[in-house]
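Heads up, the thing below is written out as structure tokens.
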Amino acid sequence: MRDWRPAFAATALAATTLASGNPAAHAAAAPTCDSRFNVTRWGNVVPWSETSRTGSRTFTANARVAKALACLVNAERARHRLPRLTAAYALGRAAQRHAREAASQQWWHPTDGRGTHLNPATNSTPKTRVADAGYCPGASWDISEVTYAGAKGAGLASRALNWWVNVSTQGHRGAVLDSAWTHFGYWATGQSAFRRHARAKDGGTFVVVFGRCSR
């Protein structure tokens with residue numbers, strides 16, 4: 001799909017409609033994730049010298065790290081005996097759109113976690129982005145979005161997941177480990193969404209959108 005502090009600021013925000021339903025019945029075995037893209041620097045995926053003129057990573061590098069993030073999320077859910085999530089194209093498009101716009105516009109601020117979910121240039125929100133992407137047409141749905149950005153050793157998929165699950169007290173853990181979700185979409189961009197990290201090496205912006213479609 002080509003269109004799809006420390007973590008410094010990130011706040012889980014649920015954007016919901018009228019969805020209701022039951023979670024999947026059982027948890028899957030924990031996947032084995034490629035450690036090169038989980039616990040090491042972005043430079044191990046694509047050397048900094050091979051990035052674009054603006055300092056952002058290539059699509060291929062972003063996609064590989066995004067897949068690592070997805071694997072880490074499902075592995076963490078499996079550790080808690082929760083169902084494995086299936087990638088949904090529409091949720092992926094919404095996540096990619098937000099991650100790319102955030103890294104490009106760099107409006108995120110360390111003291112405004114909720115502001116990471118609202119794009120001030122387009123006024124898009126998690127709910128509108130998912131609706132625009134066409135998730136679950138003709139039915140009701142629930143979604144929740146989590147975001148993370150970091151640099152200088154903190155812009156990693158593993159740091160993003162650790163922040164959401166083990167550090168944040170703002171609802172991220174509950175979003176990642178909610179048994180109601182059946183789908184997710186995800187993206188990673190090799191540039192931090194924080195303006196102060198504009199040219200920092202090994203910066204990263206991560207977005208995951210969780211969803212449930214009730215038909």
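Cβ coordinates are placed from backbone N, Cα and C, and glycine is handled just like the others.
Annotation comment: TrEMBL describes 1-27 as signal peptide.
Summarised by DSSP class, the composition of the domain 'SCP' (72-193) is 52 helix, 23 strand, 47 coil. Under the heading domain 'SCP', TrEMBL lists 72-193.
The region 'Disordered' annotation in TrEMBL covers 105-126.
Averaged across the domain 'SCP' (72-193), pLDDT for the predicted model comes to 93.
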